[in-house]
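> TrEMBL lists K40, Y268 with the feature active site, proton acceptor. Annotation source TrEMBL lists substrate binding site at R140, M316. Taken from TrEMBL, the feature domain 'Alanine racemase C-terminal' covers 247-373. Residues annotated as N6-(pyridoxal phosphate)lysine in TrEMBL: K40.
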Amino acid sequence: MVSGIHRPTKIIVDTQAITENVSQEVARLPKDRELFAVVKANGYGHGAVEAAYSARRGGATGFCVALLDEGIELREAGITEPILILGVVEAMYIELLLEYELSVTAATQEWLEEAQEILMGISAEKQLKIHIKVDTGMGRIGFLSIEETLIAVKTVQEAPMMVFEGIFTHFSTADEIDPAYFMKQETFFNEIIERLPQRPRYIHSENSAAALWHPESPGNMIRFGIAMYGLNPSGRTISETYPLKPALELKTALIQVKELPQGSGIGYGKTYVVASPKEWIGTLPIGYADGWLRHMQGFYVLVNGEKCEIIGRVCMDQCMIRLPGYVPNGTEVTLVGKNGGEVITLQMVADQLSTIHYEVACTFSQRIHREYK
Ligand SMILES: *Cc1c(COP(=O)(O)O)cnc(C)c1O
């Protein structure tokens, strides 16, 4: 998809905010603990490469992605630090993992055996760096028992072309108030670590929520995602340990302004009809194809520090707002971020859409141009 550089709609990313969020967390960490910045899904919509460089300036010493392609993107952009792929990569792509020196997650014995077989057919000098994933209660990927995990560790240790680089798990309720299930997962993971015949370079369990609210969790590395973008992992449930600085703003400008008489219909299905004798209506060049979804109807944007309701259905490329009066064409419009004394946060957009801010940030499509400051 092309990125629309010739229109006023853009995401503005404050790279300094990312750097500060990371450096605040790094400063809190015990001496022996590193921070890997999670930049999967195009850096949660902020731009993977720029997010990675901003996090590195803040003290990140490695990176996590979800897909092989996301790892390759970082390498091609000149990132030389360790990169871990958190998702499962099909074993047939092992040569690419070696070529780009990407660390990979092993989640089943079957995968390890297939990988070993493929590695034996390759005459490469490099070794495949493996992080063993333990499923302590997320129910997603990973080894399910201590016995299975120890067999996996042994398999990796005995394979001449594999390196046991890490072991990790993922918490499913670190962002909740009740710690009971979290503690169950933590106990399970600690038990496994104690039974390891040899400690790998990296042991890790914390996502952003665990890093903020359970900083004593096992490991010597954290996988810091949503919080580096300045967003509270729990949404509104638990308050932030230290102030996080949101990095993303979404702006556009009015492309048509008109005064319409009572009874005029706005948008598909005529779901909004001008009620007053006259109303000033503005059109914005952003729509659901940009990730500004149809359910944003009824919410508002900011123009000159004032809230303006989104009226009528959101179209694919455009949407309409009701203005308090005449405003010139080209006036800046804030969809996410500060404008005058007002602010619209990703959390507020998420509330409107009955979802979480993670999803809102990832939903902003490639069509929106990203600008960095
Ligand atoms: C996405 C992801 C993270 C980062 O989670 P945040 O909540 O964004 O900090 C950490 N670990 C794994 C395995 C993930 O998939």
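Cβ coordinates are placed from backbone N, Cα and C, and glycine is handled just like the others.
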> Can you tell me the CA-to-CA distance separating M316 (substrate binding site) and Y268 (active site, proton acceptor), as a whole number of Å?
11
> Measure from the Cβ of Y268 (active site, proton acceptor) and count the other Cβ atoms within 10 Å, all protein chains considered.
12
> For the recorded positions listed here (K40, R140), tell me which residue's CB has the most neighbouring CB atoms inside 10 Å.
K40
> May I ask for the distance between R140 (substrate binding site) and K40 (active site, proton acceptor), taken between their Cα atoms and rounded to an integer number of Å?
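Spelling it out, the Cα of R140 (substrate binding site) and the Cα of K40 (active site, proton acceptor) are 17 Å apart.
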> Can you tell me how far the Cα of K40 (active site, proton acceptor) sits from the Cα of Y268 (active site, proton acceptor), in Å?
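That comes out at 36 Å between the alpha carbons.
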> On the DSSP side of things, how many residues of the domain 'Alanine racemase C-terminal' (247-373) fall into helix, strand and coil, could you say?
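Helix (H, G, I), strand (E, B), coil: 23 helix, 54 strand, 50 coil.
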